[in-house]
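As annotated in TrEMBL:
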DOMAIN    202-297  domain 'Ig-like'
DOMAIN    382-454  domain 'Ig-like'
DOMAIN    484-580  domain 'Ig-like'
DOMAIN    589-685  domain 'Fibronectin type-III'
DOMAIN    687-782  domain 'Fibronectin type-III'
DOMAIN    883-978  domain 'Fibronectin type-III'
DOMAIN    998-1086  domain 'Ig-like'
Amino acid sequence: MSFPFFTESGSTELSGLFVEKPPQSLVAVTGMDLIIIAKVDSTTLTRKPTMKWLKGKWLDLGSKAGKHMQFKETYDRNTKIYTYEMKIIKAVAGDSGGYRCEVTAKDKCDSAPCQVVRLVSLTLCALYLRTHRDAGEDDGDLDFSALYQARDEVVKEEPPIDVWELLKSAHPSEYEKIAFDHGITDLRGMLKRLKKMKVVEPKHSEAFLKRLESCYSVEKGKKIVLRCEVMDPDVQVKWLKNGQEIKPSAKYVMEAVGNVRTLTLNRTTLADDAAYECVVGEDKCFTEVFVKEPPVTITKLMDDYHVVVGERVEFEIEVSEEGAHVMWSDVELQKDSTNHRIKKDGKKHTLIIQEATLADIGMYHAWTNGGHTKGELEVEEKQLEVLQDIADLTVKATDQALFKCEVSDDKVTGKWFKDGVEVLPSERIKMTHIGRFHRLLIEDVKPEDAGDYTFVPDGYALSISAKLNFLEIKVDYVPRQDPPKIHLDTTGNMVSQNTIIVVAGNKLRLDVEITGEPAPTVVWSKGDKVSQEEKTEGRVRVEARKDLSCFVIEGAEREDEGNYTICVTNPAGEDKAMLFVKIVDVPDPPENVRCLSVGEDCATMMWDPPVFDGGAPLKGYLMERKKKGSSRWTKLNFDVYESNSYEAKRMIEGVMYEMRVFAINSIGMSQPSLTSKPFMPIAPTSEPIRLTVHDVTDSTCTLKWLAPEKIGAGGMDGYVIEYCKEGDTEWVVANQELCERQGYVVRGLPVGEKINFRVKAVNIAGQSPPAVLSQPVTIREIMEYPKIRLPRELRTKYIRRVGEKINLTIPFQGKPRPVAIWYKDGEPIDPKMVNVRNSNVDSILFIREAERAHSGTYELVLQIENMEDRASIVLRIVDKPGPPMKLRVTDVWGFNAALEWAPPKDDGNCDITGYTIQKADMKTKEWFTVYDHNRRTNCTASDLVMGNEYMFRAFSENLCGLSEEACLSKNTAVIAKTGVYLEHKRSPYKEKEITCVPKFTQPLVDRSVVAGYSTAISCAVKGFPKPKIVWMKNKMIIGEDPKYLMRNYQGVLTLNIRKPGTFDGGKYSCMAVNELGKDEVECKVDVRTNQDLKF
């Protein structure tokens, strides 16, 4: 009698990954085995889950496996459920307590507690059974509460004690005692966890100003710089990697600039993922470098397979990098299986299934850290087909008997039986297997060889039988004069009287018994062609034996089919017999394989039957398809398909496919047909959306819509618009050609009728479902008041230059179509000067080359019956002005001359903006500008040269520029010589003192920047002699660090910080020094991370 355990709680509640959780409370029997079971469903998991059994809060029981504690794991492939079992052998009092099972699978986890409350002795169990001996089997679970009632009253539950808080506050000498009191046996594990829990305060370093960051992260192949600052700028440091000193090389570059020490790792690899140390004397600082691999993409996707049982399957993919990790679905469960194997060859990864079984059916997945692909495996059971049956034989003594059959699979082996007893090979009996043919050859046939012979293929419930008849020859006395006689054997290959069927390629040997005395002469002929007698060589020959004439055809061909005649003659007479030899063969391949129609993932194929059926009725066809450019054909059917049209399914939209067909008759399978033209499974688009009516007139209706939401690989060719009257069912196509725009005007509609409209999208796959208006549209124009929408730039004076092109578009609205009339200065416009084009929605005023005569006020009048709207446009055409008038010199004094003139007669149809005045010496007559853009009609020319005579000219200027001609002055200005020479007295030169102590005129400003984004801080300084500039961070000179770029442009100082990190924050200062003194400014730079920005 055994008592594994007793459950105190009710049914376990299911949640998370567990299908079955352990009971929350158990009562075990001392000395008996205790079993705890948990079940996990892996249907939704991508990898095998990991199970841990724990006792208490942290003790992992996996290290305790042995004689006392055992763990078991099983997997059901049908239900995909893992069963985990923990077995405690002969439970003792120390096994009571809290247990927990934790299951993790990638990003999912779940746990279930189990409490072993108390251990019951076997004596108590026996006592309970004695007191309940007369109870039935259905009295319920065992209840020990009465036996423990007194004990439960005495024992009081104490509040739980946190062992770790107790250990953290205790002296190390008390650790062993505390562990013993609380049942902790793994002292080493306890000390490791306690060490991690204690927070070690960082020691103040006297050798480092700034330590290395706690960790660095870099992508594989990139460069990373480890940087720290030391107190002594002359101290030597050592760099260690995983405790080993690093030597300088092209990969590891060590630099010392002032107080900064850097280690640069070039072209990082996964081997650089390690712990690094910087050692100064006995002090050191630590960091870790994490190298991230770039995502590995899948460059060649997985193909689908359709095979039969026993065939080899290879799921092959290619990834972007060699040596990349690829995870295959469900392969982890089959690592011990010899039928599944994973092969890696450079970038190629292959999952190989040596012999496919029905259990391998399903979807196979492959994952990388940057991609995913899948392929489906379909496995069909083997079906063996007998292509050529065994024929019954009748042979005579000492002759040869040959049984031959052909099956569809050339790998199938088998055994021969005679009357149920296996036939074993010997010198006289030989068995051969070549390709699909199995032969049994019996030499020197004897009477005991007669019987039923059967061939049984291995692994199939199939047998092929035939009978061997032994022909006994009785020799009777024959008179010497006996007319010849032909004795034909109608058994064997003869399907009807005198008809023999031979499979193409097989050997035909026809032994005809002939009697007659004297021995008759034998002649074989095919139609009118006579074969040579006694011809023992060649493919078709006649062999003569005693009382026999053997007609042999080696490797029968289609041309050998026909009527054969044997004629035997002797002096006593003659005899004739006619035989018809029918040659049967595999059929010719089907012809004209073509695609009739395609769908989103299917295509309908059709082909013509073969020209020659092989002489036997066709049984059906086998189809194969492949992707264009691929060499792997996939079977579409395993059972013979009788029709000559087939719908291929489960294809990928937008991928080009090719297809071929095999014909099958009772002899075998033909060669494949010619490959069909490539075709692509595509589907029509979805229906257009948001079909609305934009405008309606007495005979037209304008429709607008949006493109379909789903277009697919077939693209979009255009739209078809259809309409019908309300109540009718016949739809009329409105557009003869496809409409490429998303709008159309349906014309020629009857006035007052209610019309339904619909629109279909069209692509290479056909028409989409229609988009239909929710209600019919009444064809009747709606009256709308005329309204001119004058553009904003035309509401003021519109100015253009002479010769420019003018194109004014004035939009308007109104129904029915308004009549637009243009007026200029109250008169109708002259069509020879101005062109006007009107449409339904706007009017265009067009002037090819503007002239001054085109200036004026243009008015557009829009009329609908007795309603109208007006809008005016002021158009001004401007040109260059004429020259000024009456330019003269009014006064001359000293070195100056006063000029006056009158405005030009022609201002160019716009305001004069100024004048340009020029002077010329009468000697050189070279013109020099005195004034530009002079707005007044007078000016004074100064700085004239004494003794010279000057003439002047003036140009007028407006919006178009200067006048083409100038107005010359009517008189000249003569600067007379006075005889007095002026002497310039220079004041004594006094050198100015410009030396200056450095002083910052613009200080540095505190900045807050985002990590990873370059920034700059600036200030301005003055001083002479030019001061020397020193940039510092945290009072340490920056130096030639490539991370910083320092600039000085005319006293403006800029420090650029390239892509700062959190370690680049701090106080930055700039000091300017020259021989007279120094000055310094500083600011604080705060670097924020993305996490800081979120808060």
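Indices start at 1 and increase along the chain as displayed.
Keep in mind that glycine also has a Cβ here, set from the backbone N, Cα and C atoms.
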Please work out the helix, strand and coil residue numbers for the domain 'Ig-like' (202-297) from the DSSP assignment.
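Its residues divide into 3 helix, 49 strand, 44 coil.
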How does the domain 'Fibronectin type-III' (687-782) divide up by DSSP, counting helix, then strand, then coil residues?
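Within the domain 'Fibronectin type-III' (687-782) the tally stands at 0 helix, 45 strand, 51 coil.
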Taking the domain 'Ig-like' (202-297) as the reference, which of 382-454, 484-580, 998-1086 gives the largest number of Cβ pairs under 8 angstroms?
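Highest pair count goes to 998-1086.
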Cβ pairs under 8 Å only, please: of the recorded stretches 382-454, 589-685, 998-1086, which one is richest in them relative to the domain 'Ig-like' (484-580)?
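Stretch with the highest Cβ contact count: 382-454.
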Quick check on the domain 'Fibronectin type-III' (589-685): DSSP residue counts for helix, strand, coil, in that order please.
0 helix, 42 strand, 55 coil
Reported in the order helix, strand, coil, what are the DSSP residue counts of the domain 'Ig-like' (382-454)?
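Helix/strand/coil tally for the domain 'Ig-like' (382-454): 3 helix, 37 strand, 33 coil.
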For the domain 'Fibronectin type-III' (883-978), what does DSSP give as the number of helix, strand and coil residues?
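Its residues fall into 0 helix, 52 strand, 44 coil.
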